């Protein structure tokens with residue numbers, strides 16, 4: 001919990017007994033008592049250890065950016081280091097880490113006696129502007145700037161664009177989290193630089209009121225329990241800030257931190273008791289406020305769009321007028337329902353589509369709204385080309401930094417899909433893949449093998465059979481969790497999807513569920529192959545054309561969406577065909593690839609087409625007229 005709680009304790013918490021273990025746990029994040037007890041040398045060791053870890057993380061982040069910019073695949077350990085560093089230091093221990101860096105800068109700047117001014121608050125014997133402490137001040141200052149920037153970048157980059165994600169920590173729009181991060185950083189900086197607790201308490205009440213308002217208004221997490229927890233925690237912090245203000249202004253005490261630590265009167269005891277008693281009710285009120293906000297979008301916004309004859313071009317503002325793309329995302333999120341662990345309610349997705357299309361009608365120039373619609377097309381409807389075309393439109397709407405990052409993430413996914421990385425089982429997260437193979441299949445199959453080996457014995461105890469069955473159950477559940485964990489990050493990888501289908505078929509003995517995953521793997525392979533052909537024919541080869549010609553060709557390909565297109569080489573052999581062409585003619589991909597285009601033409605066009613192509617190559621001329629002709633389907 002931020003420094004407002006521990007500030008209350010240091011502002012006269014005579015009734016709290018600072019020696020109690022519970023208070024030590026709460027106030028540990030300020031680190032002052034812990035560091036002063038262990039000495040200045042111990043602090044310097046911690047400081048430079050943390051700075052070294054920060055330098056390693058910055059170097060790895062720079063290397064990762066270089067690899068992505070040059071289409072190179074970084075080592076998986078790089079990704080895992082940055083992921084764990086981000087979780088531990090920039091999320092779980094962010095305030096503690098920032099406070100560790102701020103200790104060197106805590107130098108009693110304002111409203112303190114002249115004898116202690118510019119001396120370190122935690123280590124009073126150290127003068128801040130003399131050597132060697134000045135070096136530590138400079139190091140801490142640089143590290144704070146780098147650490148805050150790195151932590152903020154990691155936080156806002158955790159943007160989840162997939163509306164169907166099962167990631168429990170997923171956030172669709174991280175703008176609110178970014179603002180909250182700035183507010184928490186300001187509060188942490190103020191706890192060190194502002195010596196007068198009167199001003200500090202006012203600042204806490206203002207900024208934490210703003211933080212609570214933003215969190216309740218935008219409920220950023222996709223899953224409800226996390227929103228309840230976040231709103232409750234922020235409400236408890238706001239309550240403790242209010243108690244701090246009441247203590248400082250109602251207790252008739254001074255404002256300087258040094259004098260406040262000796263103010264132990266009956267009023268301080270009452271305020272400390274009120275703090276402990278009121279934290280849980282305050283958190284409950286915050287969670288209820290968050291629930292009321294989600295209930296409003298679920299019952300009074302989403303339900304209004306259930307009208308079957310709704311005209312999306314005219315009546316959407318009468319139903320509900322959206323002012324921000326985040327409101328559209330919240331309403332569509334509230335409409336999401338699951339029939340089981342893997343199946344989405346089609347009626348709920350139809351309602352989400354209506355809500356998102358209504359948002360597109362009302363906010364056609366909002367780049368975040370276009371990105372939201374693009375994500376729905378890609379991840380829910382599986383219309384990858386349409387979704388990618390929408391992303392190109394978002395680029396022309398003056399997107400901000402977060403919107404540009406979202407577009408970049410989608411384009412990276414499109415590029416990897418087009419190059420067949422995801423579907424063909426290219427290099428993904430190697431460590432997760434090894435974990436998948438070893439923990440999923442090996443443990444489960446060994447447990448099953450041991451069970452059958454036990455049954456082959458002539459004398460078997462029932463107790464041992466029961467124990468082996470328990471081990472099988474534990475191994476299968478562990479394997480299931482491993483698969484789910486990897487698939488949550490690589491759900492578009494056809495090889496992993498097919499492997500999970502084999503696990504369901506051979507280990508869990510569930511052929512019906514396995515067939516569904518096999519079908520999904522086939523669909524991903526087909527989409528990847530189709531996207532690769534589209535990229536090759538509509539993107540990569542356009543680079544050989546002049547800029548104006550390439551732009552015109554790109555627009556022509558975009559306008560041709562939904563048409564059956566077949567591309568041939570100089571010998572009349574089919575090189576690629578759109579999905580619409582395969583569906584219309586009834587051919588599979590392998591049946592058309594490399595075949596003469598004449599197989600789909602009725603006589604005499606099929607027999608003469610090779611001659612037409614040869615004449616075109618020799619003369620450079622073509623027939624300046626369009627001739628309608630039938631096509632031969634596979635079943636004709």
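Every residue, even glycine, has its Cβ placed from backbone N, Cα and C.
Small disclaimer: the values here were computed from a predicted structure and weren't measured.
What TrEMBL lists as transmembrane segment is 40-69 (among others). Residues 78-79, 81-82, 85, 89, 97, 100-101, 103-104, 122-123, 125-126, 136, 139-140, 143, 146-147, 150, 412 of the same chain, all 6+ positions outside the transmembrane segment (40-69), place their C-beta atoms under 8 angstroms from a C-beta of that stretch.
Remote same-chain residues near the transmembrane segment (81-105) are listed as 2-3, 28-32, 35, 43, 46-47, 50, 53, 56-57, 60-61, 64, 120, 122, 128, 133, 136-137, 139-141, 143-144, 147-148, 150-151, 154-155, 184-185, 188-189, 191-193 (criterion: CB distance under 8 Å, separation of at least six residues from the stretch ends). Taken from TrEMBL, the feature transmembrane segment applies to 81-105 (among others).
Within its own chain, the transmembrane segment (134-156) has Cβ neighbours under 8 Å at 44, 47-48, 50-51, 54, 57-58, 61, 82, 86, 89-91, 94, 97-98, 101-105, 107, 128, 174-175, 177-178, 181-182, 185, 402, 405, counting only residues six or more beyond its boundaries. Taken from TrEMBL, the feature transmembrane segment covers 134-156 (among others).
Look at TrEMBL and you will find 176-194 (among others) tagged as transmembrane segment. Sequence-distant neighbours of the transmembrane segment (176-194) (same chain, 6+ residues past either end, Cβ-Cβ under 8 Å): 2-4, 7, 30, 94-95, 98-99, 102-103, 105-106, 109-110, 121, 148, 151-152, 155-156, 158, 200, 203-204, 207-208, 210-211, 214-215, 218, 220, 326, 402.
Here the transmembrane segment (200-219) has Cβ contacts under 8 Å with residues 2, 4, 7, 173, 176, 179-180, 183-184, 186-187, 190-191, 194, 227, 230-231, 234-235, 237-238, 241-242, 244-245, 247-249, 286, 289-290, 293-294, 326, 330 of the same chain, all six or more residues outside its ends. The feature transmembrane segment is assigned by TrEMBL to 200-219 (among others).
The transmembrane segment annotation in TrEMBL covers 231-251 (among others).
Under the heading transmembrane segment, TrEMBL lists 271-296 (among others).
For the domain 'PAS' (565-602), the number of residues in each DSSP class (helix H, G, I; strand E, B; coil) is 15 helix, 9 strand, 14 coil. Residues or ranges marked as domain 'PAS' in TrEMBL: 565-602.
Taken together, the residues in the domain 'PAS' (565-602) have a mean pLDDT of 75 on the 0 to 100 scale.
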